[in-house]
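K.L.:
Submitted below is the structure of interest, expressed as structure tokens.
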Amino acid sequence: MRLHITPLAVAVGASLICAALPAFAGEFRTTDNPIRGQYIVVLKPQAASLAGESNRAEPVAVAARAIASQHRASLVRSYDRVLRGFVVKANDNALAALLADPRVAYVEEDGIATLDTIQTGATWGIDRIDRRLLPLDTLYTYDTTGAGVHAYIIDSGLNVSHNEFTGRVGLGADFVGGGVNDCNGHGTHVAGTLGGTTYGVAKQVTLHPVRVFPCAGGSPWSTIIAGVNWVAANHISPAVVNMSLGGGGNSSVDTAVANLHNINGITVVVAAGNSNANACGFSPAREPVAITVGSVDNTDTRSWFSNYGSCLDLFAPGSAITSAWIGSNTATNTINGTSMAAPHVAGAAARYLQTYPAASPTAVWNAVYYAANIFGVTPSWPGVGNLGAGSPNVMLHYGSLNDGYNDGDPHIRTVNGLYYDFQTGGEFVALRGQGMEIQTRQRPVDSLPWVSVNTAVATRVGNHRVTWQPGTGVVPDPAGLQLRVDGVVTTIPAGGIDLGPGAKVTALGGNGISIHFPDGTRMTATANWWGNQNQWYMNVRAYDTMATDGIMGVLEQGEWLEPDFSDKWRVDRKTSLFDYAQDVDPGKFVREPFPREKIPPMNPGNVELAKQVCARIKDDKLHKDCLFDVGTTGDPVFVEGAANEAALEEETGAR
């Protein structure tokens, strides 16, 4: 759940302070429930430099000591990474002097954040995030674990001896005294959901406790900023930060979170808050670069406590979540809150970063978003119930990353591991997910009326359309395939073609392309010229995908034998992603009836040829495909395609 600002027993009203200030004073910013006499002072860029900046201004720490001493304020701490500022204790005269100093951009009241948890019920959260639709199945299916990724939990510390975290606790920091061990429970629970062995989304992530809350839970904003500053200075990449905390609007903590993202390139996940109110009134939930998470219950309905509104990015499970706790190395607790929802998303981010460790925070968000359930996009999903005015109708989904292929004439492996041959003609959806689609063109072979081959591929990459095809007409060009981006013929430069965060087209050897999609899917396509038939044939493969629709998607055994299977995935001019000459449409590549009802047996000579030339292919499935292709056609050209695919499998480490 969210950590929120609560009233203090004594506080001088901001109006009384402001009334005592001279008319020429600089900007004074208030916060909910301020700490009397304690302020965050933020300097102008020319007044001091952050670590790593090249300007000639003195470091923040030096400027802070000088300014505090000059105006008779007591310096508490300074920051050097995420905020160009420092914390002081000051009376009204010192405050007035600070505000009048031309080096000061603004002074903001420091405030208190506290923990507030509710105990109930049983766990279900990780069961929900790997399923598109209800009901739950008591399973959590995953194939990435966050191994090699570092998660920083800015919270109340960690029960470091808990069995959920054995061998995976990294360097942390303590900003309240007493070490990183958790005496509250909140931080341990959050860490267990993010990366616990039993209860976690990312079960092998390294967990770093950044303790900014004491046992009772109350802590100043300035202490939380100190934790953020420490992460900026000491993080190990790839990294994700979880901040299951918040309170009334505070521009200093918002700036710190923004700089952690913008300057340091770290994905930051924050809780939306538990006030059943608009999250845009809370920090750091309102910070645009943070991934702000609201809570749903096990019916996909917004939790009664969850904040809502346009500052949210998505919802995740947050009601009745069971996770690790304090008191023993096996302790658990079941609590509610957007603090419980946020680490589900941070865990998904860690899993993505395992596969793409160099991904930017924007690419991480795109992958999480495109994998999520999105109302109106995800088939049959009814959306979040009672989601609240202005809220995005988006809910976390992050299942297994799967591989599939569509080779040659064409042999298909679905993303759920089924194999079949798809002999038909036309253009089809090979694989479709949110933010991505792959279509393939299959052309019948004139002299072998029971054989068709892939000859072209077209894709939707975020908001762009990328095709790789032998011209826009019907007759293939032996000179080579043309790459088009949004209909324009394009040459792939050495560094590839960037199509937005997480999206890129690169060359693959001398006869292929590789495409990264925003959702994390990677596609490879390799092509060979079949001289005896005067046409190209192509192998298409997808890796690390959550997409489930299409002829390579999630299928039932034998589903491809149903009479309407081909037409279910066939595209027309309206839905096609291919480029066409004026007189060409998808119908030009359909031949009916096809294939010939009675297929002749393989020629014994072809079978012997296949045994000889395919012997070099060691992969069992590729070897069988090679035997079939050469045995059926009598043409050894398919050996090169199989060899290329075997090399690609070995190079990429594909599963």
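Using N, Cα and C of the backbone, Cβ positions are placed for all residues, glycine too.
TrEMBL lists these features:
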| type | residues | note |
| --- | --- | --- |
| ACT_SITE | Asp155 | active site, charge relay system |
| ACT_SITE | His186 | active site, charge relay system |
| ACT_SITE | Ser339 | active site, charge relay system |
| DOMAIN | 38-115 | domain 'Inhibitor I9' |
| DOMAIN | 153-369 | domain 'Peptidase S8/S53' |
| SIGNAL | 1-25 | signal peptide |
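Mind mapping these onto the model and telling me what they sit next to?
P.N.:
Secondary structure at Asp155 (active site, charge relay system), as computed by DSSP, is strand.
Counting Cβ atoms from all protein chains shown, His186 (active site, charge relay system) has 28 others lying within 10 Å of its own Cβ. Following the DSSP three-state reduction, the secondary structure of His186 (active site, charge relay system) is helix.
According to DSSP, Ser339 (active site, charge relay system) sits within a helical segment.
Per DSSP, the secondary structure of the domain 'Inhibitor I9' (38-115) breaks down as 20 helix, 29 strand, 29 coil.
Mean pLDDT for the domain 'Peptidase S8/S53' (153-369) in the predicted structure: 97.
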K.L.:
Distance check, please: Cα of Asp155 (active site, charge relay system) against Cα of Ser339 (active site, charge relay system), rounded to an integer number of angstrom.
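P.N.:
Counting only the Cα atoms, the answer is 10 Å.
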K.L.:
Identify, among the active-site residues Asp155, Ser339, the residue whose Cβ has the fewest other Cβ atoms within 10 Å in this structure.
P.N.:
Asp155
